[in-house]
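Structure first, then comments.
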Amino acid sequence: MGATALPPIWQMYLKDHRIYTFKNWPFLEDCSCTPERMAEAGFIHCPTENEPDLAQCFFCFKELEGWEPDDNPIEEHRKHSPGCAFLTVKKQVEELTVSEFLKLDKQRAKNKIAKETNNKQKEFEETRRTVRQSIEQLAALR
């Protein structure tokens, strides 16, 4: 089975697929945070208009931006997300047993749910604030 037959998120376990996301990465040579080293640390490149160097760990979903040429991706990842299980894997993904892989991916799925829940809570809180302000403004018109 080729890598393209894998679900897209499982393709991110393969370093070459993560490297591919760094097409427009600003640091390519003579620096520590090359696409290769970023991918080794579990990062994918997900730039935005305001954050052209935004990278996210595909596993713990930690987002980091503001990279400097001398930043070490693995050290930065450990510093900002010390509990990321991807950093503790000692084997290449191709060497994992099915059981090891599924256990690892279960943790990734939990991380994704936690990230999405946190984002929804922030979104809800912002909406709540906006609605409350509108209610207070309407009440002031009485």
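Positions of Cβ are set from backbone N, Cα and C atoms, glycine also.
As recorded in Swiss-Prot, the features of this protein are as follows:
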REPEAT    18-88  repeat 'BIR'
MOD_RES   Lys23  N6-acetyllysine
MOD_RES   Thr34  phosphothreonine
MOD_RES   Thr48  phosphothreonine
BINDING   Cys57, Cys60, His77, Cys84  Zn(2+) binding site
MOD_RES   Lys90  N6-acetyllysine
MOD_RES   Lys110  N6-acetyllysine
MOD_RES   Lys112  N6-acetyllysine
MOD_RES   Lys115  N6-acetyllysine
MOD_RES   Thr117  phosphothreonine
SITE      Glu126  site 'Interaction with FBXL7'
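Overlay of Swiss-Prot feature records on the structure.
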residue	record	Cβ within 10 Å
Lys23	N6-acetyllysine	9
Thr34	phosphothreonine	18
Thr48	phosphothreonine	9
Cys57	Zn(2+) binding site	24
Cys60	Zn(2+) binding site	23
Lys90	N6-acetyllysine	5
Lys112	N6-acetyllysine	15
Lys115	N6-acetyllysine	15
Thr117	phosphothreonine	10
Glu126	site 'Interaction with FBXL7'	10
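Between the recorded positions His77, Lys110, His77 has the most other Cβ atoms inside 10 Å of its own Cβ, all protein chains included. In this structure, Glu126 (site 'Interaction with FBXL7') is part of a helix by DSSP. Note on Cys84 (Zn(2+) binding site): other Cβ atoms within 10 Å of its Cβ, all shown chains, come to 21.
Within 8 Å of the centroid defined by the CB atoms of Cys57, Cys60, His77, Cys84, the record's Zn(2+) site, lie the Cβ atoms of Ala41, Gly42, Phe43, Phe59, Phe61, Lys62, His80, Ser81, Phe86, Leu87, excluding the listed residues themselves. Among the recorded positions Lys23, Cys57, Cys60, Lys90, the ones whose Cα sits within 10 Å of the Cα of Lys110 (N6-acetyllysine) are Cys60.
The two recorded residues Thr34 (phosphothreonine) and Lys23 (N6-acetyllysine) have their Cα atoms spaced 11 Å from each other.
With helix defined as DSSP H, G or I and strand as E or B, the repeat 'BIR' (18-88) counts 21 helix, 8 strand, 42 coil. Mapped onto three states, the DSSP output places Lys90 (N6-acetyllysine) in coil.
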